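Per Swiss-Prot, the features are as follows:
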type: BINDING; residues: GLY210, GLU211, PRO212, GLY213, VAL214, GLY215, LYS216, THR217; note: ATP 1 binding site
type: BINDING; residues: GLY617, PRO618, THR619, GLY620, VAL621, GLY622, LYS623, THR624; note: ATP 2 binding site
type: COILED; residues: 397-533; note: coiled coil
type: DOMAIN; residues: 6-148; note: domain 'Clp R'
type: REGION; residues: 9-74; note: region 'Repeat 1'
type: REGION; residues: 85-148; note: region 'Repeat 2'
type: REGION; residues: 163-346; note: region 'NBD1'
type: REGION; residues: 347-557; note: region 'Linker'
type: REGION; residues: 567-778; note: region 'NBD2'
type: REGION; residues: 779-895; note: region 'C-terminal'
Amino acid sequence: MQPTDPNRFTDQAWDAIVESQTVARQLRQQQLEVEHVLLALLDQESGVAAEILAKAGVAVANLRQPLEDFARRQPRNASGTQLYLGRGLDRLLDLAERARELWQDEFIGVEHLLMGFVEDDRIGRRLAQGLKLDAKTLETTIQALRSPAADEAEAEESEPSYPFLSKYGRDLTALAEQEKLDPVIGRDLEIRRVIQVLSRRSKNNPVLIGEPGVGKTAIAEGLAQRIVAGEVPDSLKQRRLISLDMGSLIAGAKYRGEFEERLRAVLHEVTHSDGQMVLFIDELHTVVGAGAGQQGSAMDAGNLLKPMLARGELRCIGATTTDEYRRTIEKDPALERRFQQVYVSQPSVEDTIAILRGLKERYEGHHGVKITDGALMAAAKLSHRYISDRFLPDKAIDLIDEASAQLKMEITSKPSELEDLERRLLQLEMEQLSLSGENGQASVHSDRLQQIQTELQTLQEQQARLNQQWQQEKQLLEELGRLQEEEETLRQQVNQAEREHDLNKGAELKFGQLEALQQQRQAIEEQIQALHANGQTLLREQVEEADIAEIVARWTNIPVQRLLESERQKLLQLESFLHQRVIGQDEAVVAVAAAIRRARAGMKDPSRPIGSFLFLGPTGVGKTELARALANCLFDAEDALIRFDMSEYMEKNSISRLIGAPPGYIGYEEGGQLSEAIRRHPYAVVLFDEVEKAHPDVFNLLLQVLDDGRITDSQGRTIDFCNAVIVMTSNIGSQFILEMGEEEASLDAVELKVLGALRQHFRPEFLNRIDDTILFQPLSRGQLQQIVDIQLQRLKRLLAEQAIALNVTPAAAANLADRGYDPVYGARPLKRAIQRLIENPVASLILEQQFDAGDALIVDVDAEGQLQFQVSKPVTATVVEPDDSPAIAVEAIPS
């Protein structure tokens with residue numbers, strides 16, 4: 001094909017010429033002609049040519065078929081691959097060029113090609129006459145379709161008939177008329193301020209600035225609803241509020257200047273609408289810099305907006321977050337001064353409850369459930385208290401939405417009672433099949449088979465009854481959901497009729513169909529309430545406070561649900577649970593347990609951690625073990641303990657590891673070890689082990705954690721410690737505690753000495769913020785005996801995994817306690833003694849294969865005070881004489 005300059009054409013016109021080559025090749029024709037180009041134009045996705053022809057009264061199908069027939073009759077050449085420009089197409093391009101010059105356009109567009117087609121002597125004029133289309137009619141249609149935004153085809157992408165606002169915008173007022181927008185509750189001051197700015201003569205462009213989720217977009221939707229209701233000044237009545245979709249505006253803009261031309265066309269349509277259009281740009285910061293990479297930094301979208309904004313030709317509402325406004329808009333003072341700031345603050349809990357009450361019917365209709373007022377209040381209060389990284393009302397609305405979705409899923413799924421029953425039935429049927437299939441054993445199992453048959457019959461009757469009840473309840477709830485949806489639709493129709501002043505239709509709907517639906521719904525609700533009164537319901541239809549608390553607990557890992565009876569008993573007996581692992585240290589155990597009970601009963605200070613403790617005492621007395629036991633008791637897992645060995649934070653710069661490196665340093669994006677751990681697991685036990693070894697600057701960081709329950713990490717995020725237990729351990733003053741020995745009378749004097757040593761090392765403002773400073777006393781021999789039992793239980797569990805039982809006599813346990821007792825080092829020498837005196841010999845016996853599965857290892861003390869081991873074989877059904885007992889003697893292990 002001969003070269004043709006693509007710079008003479010708009011993008012769509014050139015795309016049609018390029019695509020015409022594909023059409024010609026499919027027809028195996030070497031000569032590119034008019035029919036190929038027109039077929040390509042009719043096939044374009046944008047449909048500009050088809051739209052122009054349709055407006056001119058030509059059915060596209062009536063034109064396509066004759067074109068295809070004519071093209072198939074042209075000569076074919078299967079061997080040729082080179083395409084040539086036909087004489088007819090060359091003539092068409094000349095005619096299109098004349099039309100361009102006549103209309104004073106810069107590029108040849110689709111409309112110019114169509115004008116050339118109807119004047120084409122070869123095929124176009126003949127087909128056009130058959131369809132009653134002439135050049136004059138087509139020209140009139142094209143001029144009528146020319147968008148105000150594109151009087152000339154001055155850019156490569158622009159097509160005069162393109163409906164830019166409908167393609168790149170969303171009419172909020174039309175959605176408000178159709179009742180498709182959620183009701184906007186409150187925000188009267190902000191909406192009034194927006195209306196006030198829009199009513200100005202110049203710079204009439206408000207920008208809504210607020211945190212994500214506070215309701216900036218909802219304010220624009222509220223304005224659209226007020227425009228539809230006529231509750232606005234005359235300057236805004238009958239106006240259209242169009243939300244600009246920046247995503248679709250930018251998407252696919254691959255050619256030079258394409259994005260800018262799209263935006264310019266949209267802005268021209270708005271400015272030439274005689275003030276009928278108000279533009280809403282959500283995420284306004286995306287406009288600044290958009291498109292700058294295509295034609296240089298001077299040609300971004302923000303610079304296209306500035307002149308129109310300053311002159312008042314364009315009324316535009318922007319919305320962006322506080323951070324993005326600071327990062328983008330404020331850096332361009334010329335753009336910033338053209339917008340008037342309207343700050344949108346987070347609503348209070350009371351305002352959020354009012355917003356949720358306004359949205360309640362929409363969510364009930366969507367999910368087909370009922371939402372109690374208590375659930376709405378719980379959503380506002382619990383989200384405000386426990387979800388600190390998001391903002392009201394968005395997080396409260398999300399709680400209601402997810403809790404409703406969860407309940408709807410439960411309604412459509414089988415109840416847990418029915419599933420448990422079916423599993424039990426399956427288990428019994430498998431057992432029955434197994435016992436019946438054993439040859440010759442049927443008589444042996446006859447009693448059990450009879451029991452299974454009786455139980456199966458009972459369970460099957462129960463299953464049939466529950467199935468019937470479930471289907472009945474499910475049908476009632478589904479019918480209730482359907483009626484709620486219909487009621488919501490009717491309400492929308494009533495509102496629309498009232499807006500249109502169609503009082504007859506409104507009264508007919510409101511007092512006829514709507515009342516009938518409400519009576520049906522009330523009857524079904526009474527049936528459901530009757531089932532509830534009998535206490536026989538399998539399904540729930542109401543979202544309650546407990547559902548909201550469950551969602552909050554799932555999101556945050558903070559237990560905010562109502563206490564179950566099992567957990568209530570566990571909390572009341574928390575000291576005994578902790579004492580199963582921590583021997584002695586009653587004061588510390590009682591203080592920690594009391595703090596946990598206060599928190600779960602809702603009596604703690606909401607702005608401080610659950611508890612902050614400083615454990616003091618010599619090594620090995622249970623300071624770290626108590627923190628581990630607490631984590632295990634609360635979370636049933638020791639790995640729930642967030643532990644920091646403060647000996648790793650002895651340098652000044654190591655504090656950045658806790659809250660994150662400052663900007664400009666490596667690791668800034670990764671966050672801090674402490675801040676990230678608490679952000680992901682806010683309900684945790686945080687242990688700062690051997691806190692006195694840390695650099696003094698670390699304690700400055702801990703001040704706000706202990707007092708306000710919060711810190712700010714390197715990225716400016718607030719980390720909430722209000723649901724954490726802070727435990728710090730230290731060996732400061734342990735020498736004074738060791739001097740005390742077992743004399744109770746010297747406790748006060750020792751405590752004074754220890755506190756004096758604390759004051760010398762820690763500053764008063766740090767010590768004053770700790771809830772309780774607890775002294776751990778040295779372990780006595782009696783307490784060490786109890787620790788022996790705990791340590792041996794661990795060893796018994798390890799051996800039980802190898803089918804070996806371990807029996808330690810009381811004398812052997814006392815012997816271990818004596819050998820492991822050291823008041824200076826606490827319980828750690830005992831652990832080493834057990835390792836040396838029991839674990840090492842047992843490991844050797846296992847490797848020597850002295851044990852079989854089911855054997856028992858007995859540990860006792862001989863006459864010389866040394867431990868001895870004996871392997872006991874399991875007793876079999878065969879009676880063996882005592883003299884033949886195969887006992888294995890093991891030499892005593894010296895100390």
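Placed from the backbone N, Cα and C atoms, the Cβ positions cover glycine too.
Owing to the predicted nature of the structure, the values given are computational and were not obtained by experimental measurement.
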**Q.** DSSP helix/strand/coil residue counts for the region 'Repeat 1' (9-74)
**A.** 46 helix, 3 strand, 17 coil
Q: Go through VAL214, VAL621, the listed binding-site residues, and name the one with the sparsest Cβ surroundings, counting other Cβ atoms within 10 Å.
A: VAL214
Q.
If I take the Cα of GLY210 (ATP 1 binding site) as reference, which of the binding-site residues GLY617, VAL621, GLY622, LYS623 has the closest Cα?
A. LYS623
(Q) Between C-alpha atoms, which of these binding-site residues comes nearest to GLY620 (ATP 2 binding site): VAL214, GLY215, LYS216? (A) VAL214
Q. Can you count the other CB atoms that lie within 10 A of the CB of GLY213 (ATP 1 binding site)?
A. 18
Q: Going by Cα-Cα distance, pick out whichever of the binding-site residues PRO618, THR619, GLY622, LYS623 is nearest to GLU211 (ATP 1 binding site).
A: LYS623
Q | VAL214 (ATP 1 binding site) and PRO618 (ATP 2 binding site), distance between Cα atoms, whole Å | A | 52
Q: Give, as a single whole number between 0 and 100, the mean pLDDT over the domain 'Clp R' (6-148).
A: 75
Q: May I ask which residues of the same chain, at least 6 positions away in sequence, place their Cβ under 8 angstroms from the Cβ of GLY622 (ATP 2 binding site)?
A: VAL582, ILE583, GLY584, GLN585, ALA588, PHE776, LEU779, GLY826, ALA827
**Q.** DSSP three-state assignment (helix, strand or coil) for GLY617 (ATP 2 binding site)
**A.** coil
Q: Take the C-alpha atoms of THR217 (ATP 1 binding site) and THR624 (ATP 2 binding site) and report the distance between them in angstrom, rounded.
A: 51
**Q.** Length of the line joining the Cα atoms of THR624 (ATP 2 binding site) and GLY213 (ATP 1 binding site), in Å
**A.** 42
**Q.** Secondary structure composition of the domain 'Clp R' (6-148) [DSSP: H/G/I, E/B, coil]
**A.** 94 helix, 6 strand, 43 coil
Q. Least buried of the binding-site residues GLY210, PRO212, GLY215, GLY617, going by other Cβ atoms within 10 Å?
A. PRO212
